[in-house]
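Visitor: From Swiss-Prot, here are the annotated features:
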type	residues	note
COILED	15-127	coiled coil
COILED	174-453	coiled coil
REGION	216-237	region 'Disordered'
COMPBIAS	222-237	compositional bias 'Polar residues'
REGION	454-488	region 'Disordered'
ZN_FING	487-517	zinc finger
BINDING	Cys495, Cys498, His511, Cys515	Zn(2+) binding site
Amino acid sequence: MNGDISHPRGSGPGNLGSLEETLQQMNTLIKENRDLKEALKQTNLSMKERFEGLSAWKEKQKEERDFLEQRLEEARTRLNTMDVENEALKNQVKELEKSGAECLHTELEALRGQILRIQAEKNDLVAMNSELQLKMGQGSPSNSFIEIRIADDDLKVTKDLSSVPEASAFSMPKAESEEQTVRQLLRSLRAETDEKERLQLTLQEARGRIAELESKLEHADSSAQTSLPSAAETNASTEVKNLEDQLLKLCNELKQAQIKLDEAESMKRNLQDRCKDLEQDLGTLKTQLGDKQKVQAENDCLKVQMESLQAAIKLEQKKTQDEKNNLNQLKDAYTKLFEDYSELQEEKKKRESCVSKDDYDELQTRFATAEKALADKQQKIDEMKMELFQKEKDLETISVFQAQAEIYSSDFYAERAAREKIHEEKERLATQLEYVKKQNSQLQEEMESLGRHSMSEMQRRHVPRGANPQGPTAPNNLPGGRGEWQQQNIPDHACPKCGEVLPDLDSLQIHIMDCII
């Protein structure tokens, strides 16, 4: 009897070994599940960090594109203003050329008339002087010849001056014709000064001759008084009167010549002032022409810069579009992985109480596929990083960006503010992540407490049935055939140690864990 009763207990170590293996498998499954959860968590965090990095890089590229567009707009406005200023300067130059040519033409005609008038007066003075010299018998033909020759030279000079502007006005450009007219005016000023000096010399000579004539008259008077008779005295007196009249006339002519000299000096001063004004106008025109050339060169440079900026902006837009497409693909992959992760979490929550080998294999295959997908995405991300690195190198090699390196240094403070903003956003996301972690840990604790509560409820539900564990073995005095029949009719959900019959497999597993402990 005792041997038959102890026989079912003797078969306990084999069942105990299978139970330990089951517990070990369950522990390994739980551990692998935790590892899988941790790996998914880490991949989620890494994907989130990479997504944040890509978002920050996208914001930076957007700021740079906005800055380049702003610079392009400024360059366009500056080009428009420069074009307007260029047109205004062209109109001013045309007006100045037109007014300057008209003024120079009128002044040239006036100077020609004055030179001809002065020349005629000089010829009259020379003729009068020669006539006086012939009358007095003291004339110097060499001097008169020199004066006439000088007058002829003046005529030639005036003719040259009148012919040169006409030839230059038609042959030379406007700027060169203005310079030529200034030079001609300077030559005319020099001729006027020479003429003034000659007139002063002629005045001095005339005064000297008048003094000689007066001395000769006095000598003639004295000689006439001593040697000649009364008739000769009368002739001498008449001759003296004639000479005095001639002297008075000559003095008047000298006064008129002095007045003309004063007029010539005033005209000379006016011409000098006009020459100074023309030189100043010429200098201003030259400076305006230089400024115009500089503005034109700056316009050309700005056009070249604008074309290069437009090409760079087009290239940057194309790159940003490609990066946007890649980012959208990454977002789709991330959402898909997140959905897979959420499905795995839900399935884990559903099957956490009873994990079978098939489920474990399925989880393992899904985990392998998830790891493979993550590896593929990581490879794609690395390739994108390499492409981004290459694109950054290409961007650095652009000459326009190198030329604007100094401008970028002025944007340091704006970039620092953007970085501070990004740092604040990261801190905010970190706080949100901590909050999510806390919620996750709370949910896990609630799940564990719920599992323990359900396990305790199941234990409490099944303990009253096993309150009399010796019930099936109570009839110890039964014959051996009856014991063997009972051993053969043991139900499937009976405890191998104590023989307690349980309604289902879950209750049996919980009871076995409690009974073994």
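Keep in mind that glycine also has a Cβ here, set from the backbone N, Cα and C atoms.
What you see is a predicted model, and the numbers here were worked out from it, not measured in a lab.
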Visitor: Please determine which of the binding-site residues listed here (Cys498, His511) has the lowest count of neighbouring CB atoms within 10 Å.
Guide: Cys498
Visitor: Looking at the binding-site residues Cys495, Cys515, which sits with the largest number of other Cβ atoms within 10 Å of its Cβ?
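Guide: Answer returned by the neighbour count: Cys495.
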Visitor: If you run the three-state DSSP split on His511 (Zn(2+) binding site), which class comes out?
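Guide: Note: His511 (Zn(2+) binding site) is helical by DSSP.
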